[in-house]
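Written out below as structure tokens is the structure these notes cover.
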Amino acid sequence: MSKDERNFRNPYARLPACLPSSREKASQPPQVPPELSVRLLAALEQTLVECDSAYRHAPSADTSVYTGTSGVALLHLHVATTLHAEDHRKSREHLLQAQSLLTHCLSRVPSHSITFLCGAGGPLAIAAVVEAGLGNTDKAKSLLQQLKELYTSNKSRFSQLPSELLYGHVGYLYCLLFINAYLPGAVSQSLLQEVARVAVEAGEKGRQASVPSPLMYTWHGRHYLGAAHGLAGIATLLLQLKTEQLPSPLAPTINYLTSLQLPSGNFPSSLESCHDSSHHSDRLIHWCHGAPGFIHLLSHAYQMLGEGRYLKAGEMCGEVVWKRGLLRKGYSLCHGAAGNAYTFIQLYHLTGHTHHWHRALKFAEWCLSCSERVTRTPDAPLSLFEGSAGVAFFYCDIIMSSRGKTPFPCLEIPQPKITFTCS
């Protein structure tokens, strides 16, 4: 399939407000036009009703955050702690709905995986926060202990896992960072550092003599580079640790990744796609593989290390996503317009340039009617990373962007407007 066949032509491409030529800086917080805000809120609420009804009448065997019931529970938690953070009644209603969904999940968490997105870690972490939010301190403590024991009770097995986000070391690390975002101080820095060290050591062992990167990882025999299965996602998680000094291999690893950026602004999905002519290195504009996943790494690298090359690379990501990011494949977070739109939210909060914000709004407009355009029905059409729950998460974040940065879900640390305690 050609690059053009993977995406729709961007109908907003030449709108003056969306062009980078002026580099206009925002003089006030970003605003969603009132009419669009009403439409986004209505779509968000309708999606929640549809998801709740579907899972209530036909509980899914898939309990994961990625494509299962826990992802909808996370959406409820997100709405409760951001959009309705100042409305105690509405916030509690969403927490109770999340609790109801998670009751089914906790009896069926997978034993083969411990990560946030695809394993037991996600349901346990979300449930611990929800129970704390509802004042059920003892239950929250018990769930938190179960989450910690996924690592502490079997460290040797943990070390044998891959390191990537969906099934590996940093996927579990995200569980711990998620907990501390909502329950400050509930996970010690020493435990965070210990888990991170396992991931770093695995990357050092996987280093390739022919590749000038101190860290390298494989997933099913390929050296993936993107956010979901590859080096960019691993590095993004490691960058978010609150440490006085970054792991020494991290900065040169990020520099190497940045050097792989293609002239279009996109990134190859794997090392193999860089060198094998049978793999097209510039075809995927997805969060999971490509520029929409790399932008989050580049943003954190720029903020922490201050080097202009990361900002320049991030701006190039924005241009290719604007040109080719309205995907025919889907509309949700993993490989769709909603996940790609976080590129512009990230760039707006990084630079203050208003054209990025206008681009995010246009992608939101597109998502409101994109279900009429996409050519493939997702395998999990109500889910967080493949379906409508993820689009609703994005709608919530667009609305909340006027109050500060809205992190990409399950990759960046959440920034809830209210936090809880289980002490």
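Keep in mind that glycine also has a Cβ here, set from the backbone N, Cα and C atoms.
TrEMBL entries are annotated by machine, without manual review.
Quick look at what TrEMBL lists:
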- CYS288, CYS334, HIS335: Zn(2+) binding site (BINDING)
- 1-33: region 'Disordered' (REGION)
- 165-183: transmembrane segment (TRANSMEM)
**Q.** Least Cβ-crowded entry, counting other Cβ within 10 Å, from the binding-site residues listed as CYS288, CYS334
**A.** CYS288
Q.
Quick check on the region 'Disordered' (1-33): DSSP residue counts for helix, strand, coil, in that order please.
A. 7 helix, 2 strand, 24 coil
Q: List the residues of the same chain that sit at least 6 positions away from HIS335 (Zn(2+) binding site) in sequence and have their Cβ under 8 Å from its Cβ, in sequence order, or write 'none'.
A: LEU284, HIS286, TRP287, CYS288, LEU327, LYS329, GLU386
